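*Asks:* Take a look at this one; I'll ask things after.
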Amino acid sequence: MLSYHHSFHAGNHADVLKHIVLMLILENLKLKEKGFFYLDTHSGVGRYRLSSNESEKTGEYKEGIGRLWDQTDLPEDIARYVKMIKKLNYGGKELRYYAGSPLIAAELLRSQDRALLTELHPSDYPILRNNFSDDKNVTVKCDNGFQQVKATLPPKERRGLVLIDPPYELKDDYDLVVKAIEEGYKRFATGTYAIWYPVVLRQQTKRIFKGLEATGIRKILKIELAVRPDSDQRGMTASGMVVINPPWTLETQMKEILPYLTKTLVPEGTGSWTVEWITPE
């Protein structure tokens, strides 16, 4: 079943959190001259038009990137992220397009770095391929992203980031995430892994945390932003990023960023945030 389309959700609060974390990790990898490898397991189309029927139907971006767009007091790290999105909008004042994780990563790649983008959805893959057809550093595959973790690691660069962000439309995705991490870590223990997760039902989310703890892997950081308290009702109340082998600066950076994000994205005052270690070093 491949019914999920990210265009309904592009630019929402979950994307904001995910893409700021992605940017900070890639910026850290760029501190060394040696090239790195980036794998995006569930790439989507890479770029989203916010005037599309899907985006307008939900309007989720208005409570995400839309609430940061005109802010004049952005913390430095958030300002760099917003600047990237404004570049995609041709520097204009109007927010018309939003970047998916592949486009944010491609913007940060240097000539010595490379990326592999995988997307299995039959209608999304051709768009993704077309969006990166001129980028020599980027390879696009129509394939199962979970399987690519095992197939492509370790990379020849011996440095890199794996982003795993499935839609979780299948309950198996929660277990497949943990399995992919186990397979990847066995092959590439020094790599950084970033897992995006939604909080729809907290018990499902805990399956990822418990599964990762059971692997025995160390240095697992959890970063979470909630827009409202957990609920038994259907709907995403929060989202987060689990980062294995995070840059040493990431914990501090997110603790500085999240109070501002929570206040700005959730002006109603129902938001909260967490930065904590699932397993320390």
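Including glycine, each Cβ sits where the backbone N, Cα and C put it.
Keep in mind that this is a model prediction, so the values were computed, not measured.
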*Asks:* Pick the one from D77, D134, D165 that Swiss-Prot also lists for the S-adenosyl-L-methionine site with H19, H42, S101, E119, N144, G145.
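*Replies:* S-adenosyl-L-methionine site check in Swiss-Prot: besides H19, H42, S101, E119, N144, G145, the record includes D165 out of D77, D134, D165.
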*Asks:* Check the DSSP secondary structure of N144 (S-adenosyl-L-methionine binding site), expressed as helix, strand or coil.
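*Replies:* It is coil.
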*Asks:* Just how many other Cβ atoms lie inside 10 Å of the Cβ on N144 (S-adenosyl-L-methionine binding site)?
*Replies:* 15
*Asks:* Would you mind pulling the DSSP three-state label for E119 (S-adenosyl-L-methionine binding site)?
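*Replies:* In the DSSP reduction, E119 (S-adenosyl-L-methionine binding site) maps to coil.
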*Asks:* Non-local Cβ contacts of D165 (active site, proton acceptor) (under 8 Å, 6 or more apart, same chain)?
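*Replies:* Counting only residues 6 or more apart in sequence, the Cβ neighbours of D165 (active site, proton acceptor) under 8 Å are K18, D40, T41, H42, S101, I195, W196.
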